[in-house]
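A.B. asks: Feature list, courtesy of TrEMBL:
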ACT_SITE  Glu330  active site, proton acceptor
BINDING   His329, His333, Glu352  Zn(2+) binding site
DOMAIN    32-223  domain 'Aminopeptidase N-like N-terminal'
DOMAIN    258-483  domain 'Peptidase M1 membrane alanine aminopeptidase'
DOMAIN    564-674  domain 'ERAP1-like C-terminal'
SITE      Tyr418  site 'Transition state stabilizer'
Amino acid sequence: MWLIVVFLCASLRTVPVWAADGDPERLPNTTVPLHYDLWLEVSGLGRNDFSYQGKVSIRLAVVSDTAVDGVVLHNVGNRIEKTELKRISDGKLIAHQLSQNSELLKLRTGRPLNRQAGDAELLLTLTFSGLLGKEKKGFYRTQYRGPKRVPVTVATTHFQPCYARYAFPCFDEPGLKATFAITIVSNRNHLVASNTAVAKVTNLPDDRKAVQFERTGPLQSYLVAFLVTTYDTIHTRSPSGVQVGVLAPPKDQKALQFSLQAASALLTRLERYTGQSLGLKKLEHVAIPRFGNAMENWGLVAYDEQFLVLAGRKVHRQQRVQAVITIGHETAHQLFGNLVGPAWWSYLWLSEGFATYFEMILGSAEYPDLVPLEESFAMRHMRPALQADAIPGAHALTVEPLPADTAQIEELFDSLTYSKAGCVLRMINCTIGETAFRAGVRRYLETHRNGVVHPKDLYASFTHGNESLPAGWPSVEEMFRSWTDKPGYPVVTVERLNISYVRLRQQRYQLQAEQPDHTSRWLIPITYFTNSSRGKYEYRPALWMRETDRELVVRLEMKRTDVLIVNPRQVGFYRVEYVQQRDWQKMVPKLRSLPPVTQAKLIDDAFVLARIGHTGYEVCLSLLDQLSTISSALPWLTAMAEENVGFLQRTLRSFRFDRVVLGLAGEMFQFFSNTTSTTTGSTAIEAQALDRAYDWWKRLGGTTRSGRRRYGPRFDTGCPPTNMPPLTVEELTIGLASQDEAEELRLFGRLKCQKQPQDTVLVAALERIAKNGQTDTSDLYRLLLKLLDLDPGRFLSPVLNILADPVAPRKPGEPITVAALQRLLNRILPEVTDRKQVSTVQKLIGQQESLLPRGFLAQANTIMTSTLSWRMSNVAKLNRLLRLRHGDGGRFAQFTAP
């Protein structure tokens, strides 16, 4: 990467421009945009005319003399009807020829553009037309159900990462910021919204209107947004004067108050923490049907409806949690990503990591019952990030080089870029302290406001923080780089040598079938708890393991009888292995007295390390025995997770272990039904634990009636009566292929409750949907992924049958579809437990190998081989252990399958 700095006399400012050498799909950036005047007409929605017309005038700066490809920008799918290129200095037209190469639109000027010869600034005008598609990219259309369930069209946008070029010709790279003046022509009865406030509305003939918006500040093309539909809005004004609004279909207007209040409160928290204003007059949050997630468009944030529409008092607490966290995430993006954005997708973590970190900080500050900070970080981000970083082929946070390939860029929107980056930021915060961290964050935002950045710019913002660090500590930049520049994470092995001394070793966490990695090492902040240290080193490190330290012998504040727990608060991004049985013998009986986040850490590390042979399953089962003494939800949720107890339940296929799990589910209900309602109660995490208990009860064949016989009238799985007729192929086909989220939610609820023999009906319905093309490929993959999340043990075979069936789509060429396929395969791989399934998955990957990342099949084989090896080594031993511990006289013997 190299930097061009341009001095523009007219505007007296410097514009940083980043270009990549050697990538033919990257813009040459010899000409860069300064300002866009964008005009669009989409006035045919009422008569189902989904075409639109557009005109864009782009003021350009020539930052270096060009080749004969005088101006190069992006365009996909738009029909270019007319182009004009002229010099701003004298209005002289510049002759050119137009050509389209892949996604690059080239205006060949026949001569180099020369800054010194009057070509310093140009005006490029393009007239074009396009069509609103159904796929979520560019300027597209979706719909909601209006009065009498009549479909109502919503014309909206989704541009991240590389889809602004689908809506209008533009310079569609994140390192290029420009201002925008947008005008949209629509029907008069439509609401029209964009990034900024409305400046002027002009009525036009034929019942049309032109809505002109105020000029934006500098922003990247992927943050531009507009909306045309029949929505209602509610607004409030934040203490700083920003008009905060929520936009949604009229039927939902009464269900927006919570999200509106949260949006204003979280914005205020962000402004106060960072000391920065957004530079916006208004910040609107808009509910988009079937959007799936959320997108931080500058001033007009888009969400799936579930995050904004929360109807009435009976809203599940988990919906409120998800609303708070998602709104907090997108609000944080207005500073981290929008105001200060990464110069290229290689550094996406600079945007997503900070948004993830602040969704927790803001949410816990404003709604501590909904988002308790430590527990939420551990459950929502630390566990998923450690799981993702353990997969062979995991990427570093900083990904260099990264070509201008949309499919590869889409792959980076994953748990590592979001959750690992957020965890690394929290680790830095706890290491250097809140005061130094906040000062560095403020300096970062102030220095680079309205600019684009590299990771080194973030690190430089913490230079002053180095002065407050103890002598001998690494610099903040060294801390960051050790965790952002390479993939994976370490396992720290702890061995007590005598009363006060321990030996620490570090090695990369790897699956058993992987080639050993003896070279990767990290700067590891060692925090610990002992009875003698009295919490002194639970958050801030007592010492460091250096990247040169394969092992280290150190003295700790500890007595012979003390419990020793390393990384007790889950601050460090690593797992801990205790090699001596006596360490576990001290910890396990004390589990009840430890903080919930420490309890969860011990349970999770034990299960994960047992899976690769580093810890014995005797420890895991002992920890499960201790759960009955624990009333905190987090350790229960961790133990009963799909990756821990769930993995054992699916791979052992043991009636005896099913009985154990059923007993645990019953105890979970007894604990959390006494303190928690799904709508009102103690904490959202306890509500989630109650849901998890019900899910396990239903999965193992329980019913509401059998639960009430055992636990009383409050037991309610939420399943319909057993005499309700089973779902039919026709009902499933219509419902799953519909665009109605409520109907889809209802069907998945019934699928969770119905008995397994009905799964053949589900397969038949999905085969019919695929064969008839009733949904696009990416949506089919989304449905299959949702089934696996519902119950992986039950639905893996049906999902593989659908994917293996020749009627299913075989060539998903679009980047969105490729990303959906990869997400689905990554979800499938850990669930494969026999050689027939291995063969099916290998065949599937082989058929799509050209679309998947290089080496994907080899990485998949490593994951599946590790699981098969685990089964061969552990199933018989575990069944013997279960007979000894939970046989006829075992603790859970009284629980039988309902």
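Counting begins at 1 with the first residue displayed.
Backbone N, Cα and C define each Cβ position, glycine as well.
Note: TrEMBL annotation is automatic and uncurated.
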A.B. asks: Residues with Cβ closer than 8 Å to the Cβ of Glu352 (Zn(2+) binding site), same chain and 6+ apart in sequence?
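C.D. replies: Listed in sequence order, they are Gly337, Phe413, Thr417, Tyr418, Ala421.
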A.B. asks: So what sits near His333 (Zn(2+) binding site) in its own chain, CB-to-CB under 8 Å and at least six residues off in sequence?
C.D. replies: Glu296, Val301, Ser351, Ala355
A.B. asks: Can you break down the domain 'ERAP1-like C-terminal' (564-674) into helix, strand and coil residue counts using DSSP?
C.D. replies: 76 helix, 7 strand, 28 coil
A.B. asks: As a test of the contact definition, list every same-chain residue at least 6 positions from Glu330 (active site, proton acceptor) whose Cβ is closer than 8 Å to its Cβ.
C.D. replies: His285, Ala294, Met295, Glu296, Val301, Tyr303, Ala355
A.B. asks: Neighbour count, 10 Å Cβ-Cβ cut-off, for His329 (Zn(2+) binding site): what number do you get?
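C.D. replies: Total other Cβ atoms inside 10 Å, all chains included: 28.
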A.B. asks: In the same chain, which residues outside the set His329, His333, Glu352 have their CB within 8 A of the centroid of the CB atoms that define the Zn(2+) site?
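C.D. replies: Close Cβ neighbours, site residues excluded: Glu296, Glu330, Ala332, Phe336, Gly337, Ser351, Phe354, Ala355, Thr356, Glu359, Tyr418.
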